Amino acid sequence: MASDNLVVLNALDTARTQWYHVTAVIIAGMGFFTDAYDLFCITTISKLLGRLYYYDPTTHAPGKLPHVTNNWVIGVALVGTLSGQLVFGWLGDKLGRKKVYGLTLILMVLCAICSGLSFGYSAKGVIGTLCFFRFWLGFGIGGDYPLSATIMSEYANKATRGAFIAAVFAMQGVGIIFAGLVSMIISKLFLMKYEGKPFDVDEILSTEPEADYVWRIVLMLGALPALLTYYWRMKMPETGRYTAIIEGNAKQAAINMGKVLDIEIQAEGDKLAQFKAANEYSLLSNEFFQRHGLHLIGTMSTWFLLDIAFYSQNLTQKDIFPVMGLTKKPNTISALREMFETSRAMFVIALFGTFPGYWFTVFFIEKIGRFRIQLMGFFMMSVFMAIIGIKYDYLKTKEHKWTFATLYGLTFFFANFGPNSTTFVLPAELFPTRVRSTCHALSAASGKAGAMISAFGIQQYTQDGNVHKIKTAMILMAVTNMVGFCCTFLVTETKGRSLEEISGEDGGKNETQMKTSKPVSGHQDDGWE
């Protein structure tokens, strides 16, 4: 019961929303801004890499990354992300959220810069070096998922906790927009001075030599937001929940959270000992699986299925845009012009399709609830992808390109006003403090396993522009989303309840394993000085 909770935790759950909450969202969110920029800017430059390093004069066609090479360039960061999620998620529970939070940013800064400095005497050398640094970049990015979600959930009050966690994740949408915008600006600046001839006019000069600087600049700029955020991230105190429940230091938790909440909190040493003793079970214990086993299966499966579709959408945009008529055919434009048009199309789709969905979730998650938003999102994604797949021959014509673009944009909208946001929120709320970061990491890593399927599998259907294969990919994704819809019933609604009430840590009967309980109205808070 909430009344059995510790005073310091009740204070967190009921505190008024303060400026500190906004600060926490910005600092944690800037990590996600960087994550999204680094993961998705590769979409804007991959075709340029093909033109620069894989042109074969005997084919009389623009250079193109071989399928396997393309899959590794796109997907290696996702492999690193999966690894980083598991490692940093586990460390977040063992060492504390704060102690490992800064390491993720350091890795992102160093590897973003090194990615742009990829070197070698041959195409294989440059791409190999790029993939090496992109793996470790992804490793740092992976750590941000469980740590940011866990920190925000443990700082927040119960009335607006979902909105704050969703707001952190919504910065991913801003990062995707900037990936397109920055790539568009950099390529345009170089085009203004160095634009080459169209490929069908001059095969050699259509690939501007200066373009080799463009992709490197785009990648290295990903280090900037992470670098600017590092100082403020290091000033964040350890969460009160971790300090009290895991470290067993009620006095320090009261001091830290008293400063954060700008109120005075009394330490409860005796009550804390009882509270801590009741929650000693580990991730691999029977008690955990009895209490939370279905939830973990639910969060892992839904995130896995969602990311197959979501990353397929994002990573294959460059192949879909020419079919939609948003970019010109490669053999009619220069290398930098192709990058500019791809970046512009990605920017437009992100601005009007991707970005609004994130913030619809932020504004409605405490009204509609996580469960319903996730069900709705999976269902609508499935509907729109099925329509695109079934009517692809009709939609791909020039006359219907804007109908195609609208349907394609709506799949992004309902991904983000749907499971792409809620699969991030729910694992940060459903599990006990002792294993919260690890469970979120397992769920997120499952998602990245799905993303790897899209990078190494689904892309095979879209790279050649084959109509039948693209139709097959869209229908496969529609089916995947419907399976995700069904798996959503393994999780439950969490809005309006404290983290301890949801997980059963407060000593009350845990109702979230098998059935949904009605949410209770509450409030939230957090920040720091």
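Note that the numbers count up from 1, one per residue, in the order the chain is shown.
Every residue, even glycine, has its Cβ placed from backbone N, Cα and C.
Quick look at what TrEMBL lists:
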type	residues	note
DOMAIN	24-496	domain 'Major facilitator superfamily (MFS) profile'
TRANSMEM	72-91	transmembrane segment
TRANSMEM	100-119	transmembrane segment
TRANSMEM	163-186	transmembrane segment
TRANSMEM	213-232	transmembrane segment
TRANSMEM	345-365	transmembrane segment
TRANSMEM	371-390	transmembrane segment
TRANSMEM	402-419	transmembrane segment
TRANSMEM	473-492	transmembrane segment
REGION	500-529	region 'Disordered'
COMPBIAS	510-519	compositional bias 'Polar residues'
Item to complete: Among 72-91, 213-232, 345-365, 402-419, 473-492, point out the range having the most Cβ pairs under 8 angstroms from the transmembrane segment (163-186).
Response: 345-365
Worksheet entry | Contact ranking winner - 100-119, 345-365, 371-390, 473-492 against the transmembrane segment (402-419), Cβ under 8 Å | 345-365
Discussion item. Checking distant contacts: for the transmembrane segment (345-365), what same-chain residues at least six beyond its ends satisfy Cβ-Cβ under 8 A?
Written reply: 40, 43-44, 162-163, 166-167, 169-170, 172-174, 176-177, 179-181, 183-184, 317-318, 321, 324, 326-327, 373, 405, 408-418, 420-422, 425, 495
